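J.: Taken from TrEMBL, the feature domain 'ABC3 transporter permease C-terminal' applies to B:60-181. Among the features that TrEMBL reports, transmembrane segment is placed at B:21-42, B:54-76, B:104-132, B:152-178, B:199-217, B:229-252, B:284-307, B:536-557, B:591-613, B:625-646.
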Amino acid sequence: MTLLEIKNLKKVYTARFSNQQTEALSTVNFSVKEGEFVSIMGESGSGKTTLLNIISTLDDATSGDVYLDGNPLSKIKDKEISAFRRNKLGFVFQDFNLLDNFTIKDNILLPLVLSKTPIGEMESRLMPIVRNLGIEAHIDKFPYEVSGGQKQRVAVARALITQPKIILADEPTGALDSKASQNLMETLKGINETGQTILMVTHSTRAASFSNRVLFIRDGAVYHEIYRGEGSADDFMDRITQSLTVLNSRGERDE
Amino acid sequence: MNNRFFSSMALRNIKSNRQLYIPYLLSSTAIITMFFLMVSLLTNKFVQERSASLPMLFMVGVIVIAIFSVIFILYTNSFLIKRRKKEIGLYGILGLEKKHVAKILFFETVITSLLSIAAGLVAGLIFGRLVFMLLNYLLRLPTDIAYSTSLVSVAATFGLFIGIFGITFLYNVSQFTFANPIKLLKGKQEGEKEPKGSLILFILALVFLGWGYWISITIPDPLAALEKFFLAVLFVIIGTYLLFISGSIFILKAMKKNKRIYYRPGAFISISGMLYRMKQNAVGLANICILASMVIIAVSTTATMFIGAEETLENSYPYENNMKVFGDSEDIGAINSRFFELQEQLREETEAAGLEVTEMESYRYQNMYGQLEGQQFIFEQSLIDGSELPVFLQILPLEDFNAMSGNSYSLSDDEALYYHSTGTYQKDELTIGEQNYRLSAIENEFSEEMALTESLVLVVPDISHIKQLKEDYEKQFPDDVYLTVDAEIGWDTTGTEEEKREFAEQMNDEHSWAEDHHYEARLLQREEWYSINGGFLFLGIFLGLLFTIGTVLITYFKQVSEGFDDREKFQIMQKVGLDKDMIQDSTRSQIVWMFLLPIVIATIHVSFAYPIVRKLLLIFGVTNDVTWLLSFIGVVIAFAAIYWMIYRVTSRVYYSIVK
Ligand SMILES: Nc1ncnc2c1ncn2[C@@H]1O[C@H](COP(=O)(O)OP(=O)(O)O)[C@@H](O)[C@H]1O
Ligand SMILES: [Mg+2]
């Protein structure tokens, strides 16, 4: 079943003080099925963050639309947009975006508190998630008291706690060392295996190899995709690397 | 690397941290202006000459503001430097030696302190002059109050603030020399730690506050009040800071523990935010509270003085023109012809001046003192005869009473009308001297002053009864033959203020101390009072204005700096689904803290200050408690309203920064 569908998405940025326009996305089309784990890869400046921000409703498209469960995001009223983001989407950012004034526990509970969830409900959701992510021992600490890898797990926990339709992750391993990255990706894969849909942006081949499908984006359009199929992670990684090399060189020839 | 390099580096740092430095420079300038104006007031002619106690009281004001300045600038500086920790930590990592970092900080301090001191002095000179001009124009006191300052004031301001900025420099250097760079890089993220021994701090707070309050409550006389005032103020200020620091943290932590309170959107955001910078939050609130107390004290005492004076004027001079006619103790009847003669004459004189009499009241009366015992009024010779305070008795003839009150009572020869100020005399009859009267009660048609001591007014059938009572009195006290029947004539006229003044001056020349009568105009009396005491009104308004502006700036600084501090947090929260309504919700749940708490505690402070301030007011001849209470309540409400507006506007600024 298709969960997320992106149709003819276009985004043009107009510079604030001049008429210069940047086309960040030209025409993007793809869809994500329920339970899938999709990676989006592309060079820096290719429009990955822009795409994710539009799907996250943090930014508006110039034209085209994003459909979640068949409903266009552009139809959501301004007033409902925050609640929509809280209830339907989970976010993991490159730079964690944890709040220094909250303990780990309160950081994780934040979206639920904002939704005015009863305390009992909040606490019963919290424990399984933190246990699963292995951050149980740290929940009373503050963000500056834990490591980068642990911070990102906290962010994952915060994304999961609202039981979202889809988790959107923008370079979640970008600020982590390789061991912590490996760890986090295994966690995300585990979460995906319980049925959680994940859409992740990354430029790390290793990170991408944990997903079921990789989309390649360039000059604001998806121009290739590969499926993992039955092969091993290492296999998949090789294929991703190959695709990248081939596609890059073809790109150079085109120019 | 030479000093030029460091100083240009310092300048660049300040420029690139504009967002932090502009509020910092503005609020430092405001505090310096405030201090400079206060010191300058010490040189003011009115303060120096009106009373020996005034320079002392203003000195207290200067010291209080000096203490306040130290705390305020250290507080704003710590706010600023905390947000720059990361940046300065980077210098260390980039290979700048500690002494070089110290040099940069030194130049930064030099630049900011010179800038704000210069701006403060200039602002003080301009603001002082302008406000003095404005107040002189608005108040139109008989004599203008001149703005003055001196080189000593400038030097004192300069010295104090160079000292304070010197301390901030040492503090900042110590922050960076003793911390390792990694910790510095994290500096901004780490929340403030609860101060050690906060329970002890709380107890100390209560001790200081209690001590300060105690001094005020137990103050025996004005002289002691003058002596101890400073100490009491000092204790209360220390107590306030300690109370806010320990108390607010204690309450916030308790609220955080209560899940039902804490885990709601507004409270969740605001409580965690306040705990994150608990000390800064507490000091900021204490600052507002102390300034609020200063405003309330300055304005309410001034208001008391002036409302009190107006009341006294109204009571002593119920009419625009007041004439007292003295009777002759040897010829009681003489007053009768003189009384009517003068009324006629005054009417004529008024008309001759081109004015018309709009209202005239006149009555003859005799005053006596004594005690009420059973159904008897027992004469006493003078005011301080017995141990008990005597009852004041005023006797009027019916004719005059009817004329002045517009009634038409009639009395038979053994009847009298009476009014008793305490209302406790309920008998049907009264024996006075050798006369016996059947009584009927009447309303108070007389001066409000009647209420000050227990008084009895007796309206007798005619003037011959008064004569009779005088004879009875003289039988009892043969030596005291000075009792007279006097008369009051009061009248209002038509005409403009100018015409009235001219008339009053003319009357004053002719009648002020004539042989058997004495003239006083309310207008001239008021002017005289204001020429002696107008400076108080002036200074009261000036200080009220100064402290209110201080409150505005400090509240503004708190909201703006916290806004920039919180901005990033709100952006993150918006990403995970915080909506705009909830941001407002969280700013709203700070109302109790930002608005109510400082006002309530300031009100408590000022209430406890009441006894000592009352004693101080005695020095300047203010005795009216009721007026004090009313103007106190009025000022508290008015200031709460003004502060409410300040709060609303500044929290809107906060909201627009974080959203
Ligand atoms: N707010 C913006 N205003 C103008 N141009 C932008 C803005 N955000 C991104 N861009 C431009 O759009 C393009 C895509 O950016 P981005 O989505 O951030 O790429 P990626 O995340 O793949 O590195 C880039 O050329 C970038 O400069
Ligand atoms: Mg990006």
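Placed from the backbone N, Cα and C atoms, the Cβ positions cover glycine too.
All TrEMBL annotations are machine predictions without curation.
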J.: Please report, as numbers and ranges, the same-chain residues at least 6 past the borders of the transmembrane segment (B:284-307) whose CB is under 8 Å from any CB of it.
T.: 64, 68, 71-72, 75, 236-237, 240-241, 243-245, 248, 533, 536-537, 539-541, 543-544, 547-548, 550-551, 554-555, 558, 593-594, 597-599, 601-603, 605-606, 609, 613, 616-617, 620, 622, 624, 627-628, 630-632, 634-636, 639, 643
J.: Is the transmembrane segment (B:152-178) packed against any residues at least 6 beyond its ends, judged by a Cβ distance under 8 Å, and which are they?
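T.: For the transmembrane segment (B:152-178), the far contacts come to 28, 32, 35-36, 39-40, 42-43, 66, 69-70, 73-74, 77-78, 81, 85, 88-89, 92, 98, 101-102, 105-106, 109, 112-113, 116-117, 120-121, 124, 184.
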J.: Under 8 angstroms for C-beta pairs, at least 3 of them, ignoring pairs fewer than 6 apart in sequence. Is the transmembrane segment (B:229-252) in contact with the transmembrane segment (B:625-646) by that rule?
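T.: Answer no: the transmembrane segment (B:229-252) and the transmembrane segment (B:625-646) share fewer than 3 Cβ pairs below 8 Å.
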J.: So which residues does the transmembrane segment (B:536-557) touch in its own chain, when a touch means Cβ under 8 Å and the partner is 6 or more beyond its ends?
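T.: Beyond its ends, the transmembrane segment (B:536-557) has Cβ neighbours at 23-24, 26-27, 30-31, 34, 37-38, 41, 44, 46-47, 50, 61, 72, 76, 131-132, 135-136, 139, 141, 145, 284, 287-288, 291-292, 294-295, 298-299, 301-303, 305-306, 530, 594, 620, 639, 642-643, 646-647, 650, 653.
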J.: What average pLDDT does the predicted model assign to the domain 'ABC3 transporter permease C-terminal' (B:60-181)?
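T.: Residues in the domain 'ABC3 transporter permease C-terminal' (B:60-181) carry a mean pLDDT of 89 in this prediction.
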